[in-house]
Amino acid sequence: MAEKRNIFLVGPMGAGKSTIGRQLAQQLNMEFYDSDQEIEKRTGADVGWVFDVEGEDGFRNREEKVINELTEKQGIVLATGGGSVKSRETRNRLSARGVVVYLETTIEKQLARTQRDKKRPLLQVEAPPREVLEALANERNPLYEEIADVTIRTDDQSAKVVANQIIHMLESN
């Protein structure tokens, strides 16, 4: 991979986008960004607070702006928020400005990986987490698939193994 293409990780919460993204960036000697962390940095508040105060629409507007700015950079790995693909603009920008890698996982793995995480605003509701995750999957999985250049299942693999798979797939394309 002589020239460094942007690599954008999409997928549901708990798929490993941030962990795998950091590993991938380290292995490729690229800059890593996480859209949720960028929002937190810019607002001085955590994602849950932004969600509570501004609602999902306000949060998504911030997310769209942050992703637009970040995707204009060169040679980065970006872990996007699970719902970022709801925006057609964001989907178009991701597709046009880099390689989109869809990190796929099962509802069971999502439940296991997110059960103690209080920084997941969409799971801080009355409905059972499984039902919430299933509804999100029904809405978002087709959007991830629509823009994915590469799809990798992350269920029982370490971040390093998945990062190596991504590198191998990128080198063979």
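Residue numbering: from 1, along the chain as shown.
Backbone N, Cα and C define each Cβ position, glycine as well.
Here Swiss-Prot flags G14, A15, G16, K17, S18, T19, R120, Q157 as ATP binding site, drawing on sequence analysis. Residue density at G16 (ATP binding site): 23 other Cβ atoms are found within 10 A of its Cβ, drawing on all protein chains shown.
With a 10 A radius on its CB, S18 (ATP binding site) counts 17 other CB atoms from all the protein chains. Feature annotation from Swiss-Prot assigns Mg(2+) binding site to S18; the stated evidence is sequence analysis.
Within the same chain, residues at least 6 positions away in sequence whose Cβ sits under 8 Å from that of R140 (substrate binding site) are P12, G82, G83, V85, K86. Annotated substrate binding site per Swiss-Prot: D36, R60, G82, R140, in sequence order.
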Rounding to the nearest whole angstrom, report the longest C-alpha distance spanning D36, R60, G82, R140, listed for substrate. 18
Least buried of the binding-site residues K17, R60, going by other Cβ atoms within 10 Å? R60
By a three-class reduction of DSSP, T19 (ATP binding site) is assigned helix
Euclidean distance between Cα atoms of D36 (substrate binding site) and T19 (ATP binding site), Å: 13
